[in-house]
Each structure stands twice: as structure tokens, then as C-alpha cells.
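Asker: Structure provided below as C-alpha cells; questions to follow.
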Amino acid sequence: MVGVVSSAKFEELYQPSWALDHLTTEGEILRMKLDNQSGTGFQSKSKYMFGKVTVQIKLVEGDSAGTVTAFYMSSEGPTHNEFDFEFLGNTTGEPYTVQTNVYVNGVGNREQRLNLWFDPSKDFHSYSILWNQRQVVFLVDDTPVRVHSNLEHKGIPFPKDQPMGVYSSIWNADDWATQGGLVKTDWSHAPFVASYKGFEINGCECPATIATAENTRRCSSSGAKRYWWDEPVMSELSVHQSHQLIWVRANHMVYDYCTDTARFPVAPVECQHHQHKTTTHN
């Protein structure tokens, strides 16, 4: 099993990307703050092809309305791929909303939203993105909350040929983040602070000097070279994970683009697949 890059130290894997004075470290904890001057963000030093990225985040406490904290993977360019966790703040006592999205070849519009089964501002919880040639899985404390499957056999493009960086940021998005933009950011509660620890990237590192096609080949298992993310057990959810996902969708999902007939009078193809699959299982 090769090609595993793993670390828990921020500075080994990441660097601040903007507003460096809004980013501080205390021991193993990184704090990012948003005030009425600026938000801030960080990005991985390398790009990766396949693997799993994890970070532990403690979200903004108290009144976080109007703020968005994001943790995501993205490639570059107009036809980029992107896997997003966006945490939409709320007024004190109201639950945080977690929005996930998947962009393929520059096209997103695949939002799902859920409320969590815990208060994510009270303690650190782990958020992970697992990516291989069969699926993209979003996990919260190792519980899958979303799966984007490879349906290339149905003519749907799947993100598997662009190396991706890992990013996080906090910013003011009160034009849309809370109740569709009705609730604005209350700057008297600033600074809004998101805390991070437990940085891990277990994936295939892609040096900038290597051509993309070569990276695709290099980061896929062949012959004696076996990557853990290509193992059969990683190609789909286990039975236990499938049950967890069904539980999450039944109890915590508050929006799914697949069922939004106003936006999509005809359900997107990958949604038809999903609905068919769920009915066959029931």
C-alpha cells in the first residue's frame, strides 16, 4: 500500500492564503476569525488525486448568522471540479445548516442541506471527504452524509482527472447564508471564530511539474502498486454505512436538489438513478 501522505501538523500540509493577521495558532489549534474588515482562509501546499482529507472543526459559537465557514477540495480553471462542505451560520439557538455541493467540469447546482445531530459550535467534530474513482463520500465523524457515485456508464461525467487542492475559509455571506439572506450579520458579535485541529491528508500527492494525464496514471493502482483507496471495500459504502446514510437522509436532510422540482422540473439523471436505487432497496 503506497502513496499515503499523512500528517496532523497544519504547517506541514497547509499555508494561510489571505488575511494572514486573521489566522492564529495556539499549540495544535488554528483559529480563523471574521470581522467587519475581513475573513480569512488557508490552502494545502500540494494538490492531490484521490484519497481522504479530514479536519476537525469547532464552528462559530453563539450568533453566527450571515457567516459561512467552508472546507472543500477544488481543482483550478473554468472546468474545475469541487467538493464542498459549507457551514451556514444562524442566530443563537437555531441549528447550523451544513450545505454540501459537487461541481463537475465547472457545473455545480447539486446542493444538499442538512442539520446535524449535535451542536457543531460546542466541540470539535471531524469532517472528511473521501475521493476515489468510484465515489465521492462526505463524512461527519465518519458517518457518511452524502455519496456522489461514478455513473459514467450513464454518460454522466465524474471528477477523476484533475488534481485538487484542499481549502478552508470563513467569510461574510449574509446576502444568502441565513434564511436566504433575511438575517444579516450582527457585527457587534464579531469577531466570529472557527477553530481547527487534526489536519490529515491521506492521498496521492501531485507535483505541479507532472502532466495531469501522468498524475492520473501515477495515482491509480497498477500491478504491484496498490493504493488503499482503490481497494474493493472502498468502492461503495459498507452495509453499516448505507444504513447510516439512510438515517441521516431521513432524519437530518432539509434540502435536496434532486427533489426540487421548481429548479429541476425534470430530475437530473444522477437523481433518477438514486431514486430508482432507493425504491429497489425498500
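Positions of Cβ are set from backbone N, Cα and C atoms, glycine also.
Quick paste from TrEMBL:
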- 1-196: domain 'GH16' (DOMAIN)
- Glu82: active site, nucleophile (ACT_SITE)
- Glu86: active site, proton donor (ACT_SITE)
- Asn90: N-linked glycosylation site (CARBOHYD)
Asker: Which number gives the other C-beta atoms within 10 angstroms of the C-beta of Asn90 (N-linked glycosylation site), all protein chains shown included?
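Answerer: Cβ-Cβ neighbours of Asn90 (N-linked glycosylation site) within 10 Å number 22.
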Asker: Report the same-chain neighbours of the residue listed as 'active site, proton donor': residues 6+ apart in sequence with Cβ closer than 8 Å to its Cβ, ordered by sequence.
Answerer: Val68, Thr69, Ala70, Tyr72, Val98, Gln99, Thr100, Asn101
Asker: Count the other Cβ atoms sitting within 10 Å of the Cβ of Glu82 (active site, nucleophile), across every protein chain shown.
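Answerer: The Cβ of Glu82 (active site, nucleophile) has 18 Cβ neighbours within 10 Å.
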Asker: What does the structure give for the C-alpha distance between Asn90 (N-linked glycosylation site) and the residue listed as 'active site, nucleophile'? Integer Å is fine.
Answerer: 25
Asker: In this predicted model, what is the average pLDDT of the domain 'GH16' (1-196)?
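Answerer: So the average pLDDT across the domain 'GH16' (1-196) works out to 93.
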